[in-house]
Amino acid sequence: MDKNQSVDDILEEIKRKKAARAQGEEAPAKAPQSAQELFSSAKRPQQERPAPTEAIRGGKEEEPASKPRQRAPEELFSSAKRSQQEALAKGAAPEAVREIPRAERAAFQEVEPEPIENVEAYFSSVFRANGLLSKQTDEPKAAAQAETVPHTERSAVAVEEPPKAEERREHFAVKIDDSEFGELPPQQGTSRRSRFAVEEDSARPKIPHKKGEGEKPSHKLKLFRREDLEEEEEDPISRFDGMAGNRFQREDLGATQMSIPLSKGEAPREDDSLTRALPPMAGRSTPFQDQRQKKAAQFRLNAPLEEEPIQRADELDDYDSPEDAPSVAKDISSTKMRLWVQLVLLILLFGISTYFAFSKNLPLPLPEFMFPERDMQTFLGVNLGVMIAAAVVSCTTVGGGLINLFTLKADNDSAVALATVAAIGQGVALVIGFEHMATPGVHFYFPIVIAGLLFNILGKLFLISRVQKNFRVVSSDYEKHALLMVGDRNLSQEMTQGLDLEEPHVAYSAPAEFLTRFLDCSYSEDQSESISRISTPILAGFSLLASIVSYFISRDLYLTLTVFTATLCICAPFTSAIVGNLPLYRGARILSKSGAMIAGYEALDHFDDAGALALNVNELFEDGSMTLHGIKAFADQRIDEAIVDAASVIAACGGLLTDIFMQMIGGKEELLKPVDDLVYEDGMGLSAWVDGKRVLIGSRELMLNHEIQTPDRDYELKFRRDGREVLYISNSGELTAMFIVSYNPSPDVVDELAELIDRNISLIIHTTDPNVTSQKVSDLFSYPSDLIKILPAKLYGEFDRLTSPRKRARAEIAYTGSILSKLQVFKTVATLKRSVTTGTVIQLAGLVLGYALVIFFAFTGSMSLMGFESMLLFQMFFALAAIIVPSLKRL
């Protein structure tokens, strides 16, 4: 080094030496890769390669200029093979150079996939071969948990050979009864990825099929989550403000979609203790915070769909909790036993009174002391005693009827109670003035009144027997579903839009842990009782008026008493407590056998207006209704992973194919993966993200909408025969498989639906299966297509909210069985309503006609024609007509 050099020159020289030294150094030699590693690196881009979205012109694909050309799988395989041979030529140990497995080597061969005949056996073997299922323990394994092997030890890792086919065969529950698949028709000059005829617009923008690839979908495939909607929705009640306030109608979507919840929501809980606010932090509580916490504890975002009425202390004790079941059942049994005792006593008293009444004019055996020819007063006194005894036996009916009448709440007991009081009053007068029994037109009507009390008790027996049968259904341990009505009119109008309905009344069902207000619904007043509330006081006034007019005509007080008693007796029909309770009892006797019940007439009046019934497609097609005829595999990727992804999506939305896919994965729910952004596109199918990959399950239109290549229609039509349908599955932008399925409805369901056609009931069906259309349902169930509507996807959130399980529901109509019970109880509503109406009309006609006859005889001086015999025949005729005619309609 020159001493005359400056410091700057020295530093510059040092930098030059360092640069020269750095240029002279050689890069360290890279460790040679084995053929297996080269093969894995070659296969990975092929599995992760996104779907082709470029336009296909002339059968060739145009790669983007910005991306380097990717080598074909055959070229990569050849390169891996050459590297293996070079390593052997340089003297590498044969065990250090791993042979490429034959199964993986065959994946690069250009061979058309064969149809899968035994689906579950095939996928079970594939899962075990790829490590998803252990061969010994049959426990699931995570394929992504492979241990990391150091670079220097990779050559020593042995490749496990897949198990033999004989060891992988297992019994498969899904029956494959057709596996006739043809080969896909290749097109000349096309690659394997562009072999299908694609019907799409070449100018369509690219749609990503992996998370982070490109931009998010455009407005034609707008995805959103349910929690995003809840955050954006300031007022949770605003969604009921009509169509203008519906968020989904404000969106300008190309394809109508609805975010489907990944898990079934719980019903809104009515227990305020379950919605408590978090306790305040220790040492920081203030009066203002306590006030805020108290207010927050009373706030519930998801308010109950139906507010339960507040029960007052003076109201009827009801069935309020499962712990009340033994006491309620005991009360029902004791009431029924008391009514049976009353019925037997009244039958005995009615027979005695009728015998005595006939003995007045017929030579029937009687005790000597009460011969009417010798001692009329004693004879009348004995008959009056029997009448009083009957009134005592029916003291609850008489007393309750009079109280309700004087409090302007007349019921079915009020008319017969008035007749009882009038008959006893006339009897006392006749005992005192027994000589007036010889006056023409003077009669007593003790047997008529006792018969009225007897039929009243019989109607109450029908009532309590119905309540007992229904309570066994309500208090059972089976899962219960309550039939409800859509309360929001705007929502009902949206659901029934396009259907020919006068009023948009829609019925639906929802699971409920407990059914409330059972006794209140059971003892609700029927049509006959509603009429009695008005007719009884009016006819009582008319009877009093007619008797006064009769007095001025006849100038006979005892004849006036006879007219007054006769009008009250004819205005107390025998069937006042039967026409409403007998049809409901018949319905309870039949419905209870299938686990269903209609609590009372209020339920008939409420649900008879329903013109549409909302159903889930899983209700129409019960277990075993779906048949998988075969699978056609398309893609080169691992079919087992694609099936697991598809099963995760199907299980998340609870579709019809859930059972089939669960059988494919051996029923192991632990294999299912988390699903994001699950969306149903109207009439096309499902779209979701699983492990960062887009999974599509649906029709041909869904695939084309997402630029997925599909076979041409002629190829697809080969499998659409005998009512079979085709369902496509796509994974990561590649068509994975085609399922050939058929739908087999239950004949019992078809028969039950046929009875709804007579009532012109429309069906609103919720489904995520694109093959289930109005025409398909019409063909399968022989139901008019104009009475069927597939629920639009924009209403799926509201439908899920309505049908989600709830803690409590009103016990008007409920069932514990399947769709058969639901359809049976729904169609029974109209039949029972007609029966009650028919009986009430007949009873009302007899009441008006009988009153007119009595007035006519009274004003014409012909009351001698209206003895107890004539009145008994008249009442019995209309009683039998009101009972038999409504019962002719089969339930």
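Cβ atoms are placed via backbone N, Cα and C, with glycine included.
Listed in TrEMBL for this protein:
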REGION    1-97  region 'Disordered'
COMPBIAS  57-74  compositional bias 'Basic and acidic residues'
REGION    136-244  region 'Disordered'
COMPBIAS  161-178  compositional bias 'Basic and acidic residues'
COMPBIAS  196-228  compositional bias 'Basic and acidic residues'
TRANSMEM  339-358  transmembrane segment
TRANSMEM  378-403  transmembrane segment
TRANSMEM  415-438  transmembrane segment
TRANSMEM  444-463  transmembrane segment
TRANSMEM  534-553  transmembrane segment
TRANSMEM  559-584  transmembrane segment
TRANSMEM  841-859  transmembrane segment
TRANSMEM  871-888  transmembrane segment
Criterion met for the transmembrane segment (339-358) and the transmembrane segment (559-584) (at least three Cβ pairs under 8 Å):
no
Have the transmembrane segment (415-438) and the transmembrane segment (871-888) got at least three CB pairs under 8 Å, pairs 6 or more apart in sequence?
no
Looking only at the recorded stretches 378-403, 444-463, 871-888, which one has the largest tally of CB-CB distances under 8 Å to the transmembrane segment (841-859)?
871-888
Quick test of the contact rule: Cβ under 8 Å, at least six residues beyond the ends. What residues does that give for the transmembrane segment (871-888)?
354, 445, 447-448, 451-452, 455, 566, 569-570, 573-575, 578-579, 582-583, 586, 834-836, 838-840, 842-843, 845-846, 850, 853
